[in-house]
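K.L.:
Quick one: structure below, then a few questions.
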Ligand code: 5AD
C-alpha cells in the first residue's frame with residue numbers, strides 16, 4: 001500500500017500496524033498531507049461541528065522537582081524567576097476567565113512539593129464551589145494513585161499528563177535516570193481507572209525521535225484511548241541541555257494531528273501553544289489539520305514570561321485570554337467559531 005492507501009485504510013478502520021505507521025509517516029508528501037487534512041477536517045466536523053473548544057490555562061507554579069532535558073522550568077535552570085500563585089490569585093484568574101466565557105480551567109504547574117494534596121484539594125474545592133458549571137482540569141505531573149484519587153474526590157474532572165514518548169530508551173534520552181516511561185504510563189492508567197477524563201501526548205521532533213518512536217506512540221494512544229491528546233513541536237530552550245538541538249517542524253506536527261484525528265475520530269485535539277509559537281498561523285493550520293481545541297492563557301500577564309518551557313513561547317495576542325476577540329476573528333477566518341460550554345469529549 002502506498003501512503004495515500006494507508007491514509008485511506010486509517011480513515012476506514014481507524015488502525016494501522018506498526019510497519020504501516022512507519023510507512024505512512026516516512027512516506028508523507030505534500031499531496032498525501034492535503035488528502036489527510038481534508039479527511040481529518042471532515043471527520044472532526046462530522047463529530048464536533050464548526051465549534052472550537054476553548055480552555056483557560058492557569059500556569060500556577062513554575063517550581064519543579066524534575067530535570068527534564070528539554071524543559072525550560074527544569075530544576076537545574078537557575079536563570080528563571082520562580083513563582084507560585086496564591087489561591088486568591090488563582091481564583092481571580094478563574095473569575096476573569098469565567099467572565100470571558102471559559103467553562104474549563106486548566107491548572108498547570110511544575111511538580112512543586114508546596115502543592116501537597118491538602119493544598120490542592122482545598123484549591124479544587126474552592127473552584128468547584130464557586131464555579132459548579134465548569135470543568136476543572138489538572139496538569140501537575142506524576143503523583144501517587146491515592147493522591148490522584150483525592151484530587152478527583154475534591155472535584156477535579158480531567159487530568160493532562162503527556163506520555164512524552166512511549167519508547168523506554170527514547171524516554172531515557174529525554175529525562176534523568178529517575179524518570180521512567182513505564183511509570184508515566186502507569187500514572188495515566190491510574191488516572192483513567194479513577195475516572196478522570198485524561199489527556200496524553202508527545203512532542204514532535206524531540207531529540208533522537210524516529211518514525212519508529214512515533215509509530216509506538218500511535219499504537220500506545222490507540223490502546224490508551226485518552227479523551228484528549230496534546231502534541232506540539234519540540235522547541236529548544238537555551239538554558240537546557242537541549243539548547244541548540246533542532247526544533248520539531250510545523251509540517252510533521254500537522255501531519256501527526258491529521259493522523260491522530262483519523263485514528264481516534266472523537267478525541268479532543270488541541271492546536272497547542274507550541275504550534276502557535278513556531279508559526280504565526282500555526283493554530284489555524286492545526287485546526288485545519290484536524291484539531292478542535294485551543295487553550296488561551298489566563299495566568300496573570302506579569303507572570304507569563306516566567307513560565308518559559310521553551311523559547312519564543314507565545315503568551316499574548318490570540319494566545320491570551322485578553323486576546324479572545326483576536327482568536328474569535330482568526331477562527332471565523334477559517335470558517336470556525338469558538339464554542340461555549342465545558343466542551344466534554346464525546347468519547348465518554
Ligand atoms: N518544547 C516543546 N514542548 C515542551 N514541553 C516541555 N518543554 C518543551 C519544549 N522545549 C511540553 C512537554 C510537557 C508540556 C507541558 O510541555 O511535552 O508535557
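Quick reminder: no glycine exception, Cβ is built from N, Cα and C everywhere.
So TrEMBL says this about it:
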BINDING   64, 68, 71  [4Fe-4S] cluster binding site
BINDING   139  (3R)-3-methyl-D-ornithine binding site
BINDING   164, 184  S-adenosyl-L-methionine binding site
DOMAIN    50-272  domain 'Radical SAM core'
K.L.:
In angstrom units, rounded to an integer, how far apart are the Cα atoms of residue 68 ([4Fe-4S] cluster binding site) and residue 164 (S-adenosyl-L-methionine binding site)?
P.N.:
11
K.L.:
Tell me the coarse DSSP state (helix, strand, coil) of residue 71 ([4Fe-4S] cluster binding site).
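P.N.:
In three-state terms, residue 71 ([4Fe-4S] cluster binding site) counts as coil.
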K.L.:
Would you kindly give the Cα-Cα distance separating residue 64 ([4Fe-4S] cluster binding site) and the residue listed as '(3R)-3-methyl-D-ornithine binding site', rounded to the nearest Å?
P.N.:
13
K.L.:
Cβ within 8 Å of the [4Fe-4S] cluster site's Cβ centroid: which residues qualify beyond 64, 68, 71?
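P.N.:
My list of surrounding residues reads 66, 67, 70, 72, 73, 74, 75, 110, 309.
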K.L.:
Just the binding-site residues from 64, 71, 139 whose C-beta lies under 6 Å from any atom of ligand 1, please, or none if there are none.
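P.N.:
Listed by sequence, the hits are 71.
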K.L.:
If you count Cβ atoms within 10 Å of the Cβ of residue 68 ([4Fe-4S] cluster binding site), leaving out that atom itself, what do you get?
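P.N.:
So the Cβ neighbour count for residue 68 ([4Fe-4S] cluster binding site) comes to 20.
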K.L.:
Cα of residue 164 (S-adenosyl-L-methionine binding site) to Cα of residue 71 ([4Fe-4S] cluster binding site): how many Å, rounded?
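P.N.:
One finds 12 Å between the Cα atoms of these residues.
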K.L.:
Where residue 184 (S-adenosyl-L-methionine binding site) and residue 71 ([4Fe-4S] cluster binding site) are concerned, what is their Cα separation in Å, rounded?
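P.N.:
Here the two Cα atoms lie 17 Å apart.
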K.L.:
Average pLDDT across the domain 'Radical SAM core' (50-272)?
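P.N.:
Within the domain 'Radical SAM core' (50-272), the model's average pLDDT equals 98.
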K.L.:
Using a 10 Å radius around its CB, how many other CB atoms surround residue 184 (S-adenosyl-L-methionine binding site)?
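P.N.:
The Cβ of residue 184 (S-adenosyl-L-methionine binding site) has 21 Cβ neighbours within 10 Å.
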K.L.:
Give me the long-range Cβ neighbours of residue 64 ([4Fe-4S] cluster binding site): same chain, 6+ apart, Cβ under 8 Å, in sequence order.
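P.N.:
71, 73, 74, 75, 109, 110, 111, 112 - these are the non-local Cβ neighbours of residue 64 ([4Fe-4S] cluster binding site), listed in sequence order.
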